[in-house]
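Participant: Structure incoming, see below.
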């Protein structure tokens, strides 16, 4: 699947938004990828996650883990297509943790799956949890990489849609300087304001 084919799925499902957004990373942008809107359609979910699963099929993956909340749907479907255990990490009091009775054994080869990577912060936190369990991070995957490959998180890393989408530190944001209202649609928007 090409970048343009993936982008067409986002556009046709209304998942690529234009405006003034506060991203989960805290940075600001004029574009927002609302993956949930494209992933709500089973044919898109299956196709997108099938591409990710195919990329890692021969990598010995035994577990897929995703950061909550955005990565859960993608991670679950990738895990289903790979036929492996699928879990997620979530924040408790601001810290990413493996909870809900989930566990990782030191022998596991773990694929970290996220919906959108901007700075990679959530993925890094999940990777730290995997390493703390003594397991191996065998790869990182995402549906969208907003850095167009500039954010390098693992030796084996794959993103279906690679685009360089400009983002700004809040104090440097030209959209803020223009006085445009900001929207914070990300999964941490309520917790971070």
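Every residue gets a Cβ built from N, Cα and C, even glycine.
Pulled from Swiss-Prot, these are the listed features:
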BINDING   114, 115, 116, 117, 118, 119, 120, 121, 122  5-phospho-alpha-D-ribose 1-diphosphate binding site
BINDING   118, 146  orotate binding site
Participant: Once the DSSP letters are reduced so that anything not helix or strand counts as coil, what is residue 122 (5-phospho-alpha-D-ribose 1-diphosphate binding site)?
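Facilitator: Note: residue 122 (5-phospho-alpha-D-ribose 1-diphosphate binding site) is helical by DSSP.
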Participant: Helix, strand or coil at residue 114 (5-phospho-alpha-D-ribose 1-diphosphate binding site), per DSSP?
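Facilitator: Assignment for residue 114 (5-phospho-alpha-D-ribose 1-diphosphate binding site) reads strand.
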Participant: Might you list, by sequence position, any residue in that chain lying six or more from residue 116 (5-phospho-alpha-D-ribose 1-diphosphate binding site) with a Cβ less than 8 Å away from its Cβ?
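Facilitator: Residue 116 (5-phospho-alpha-D-ribose 1-diphosphate binding site) has long-range Cβ partners 24, 33, 35, 70, 142, 143, 144, 145, 146.
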Participant: Once the chains shown are all counted, how many other Cβ atoms turn up within 10 Å of the Cβ of residue 122 (5-phospho-alpha-D-ribose 1-diphosphate binding site)?
Facilitator: 26
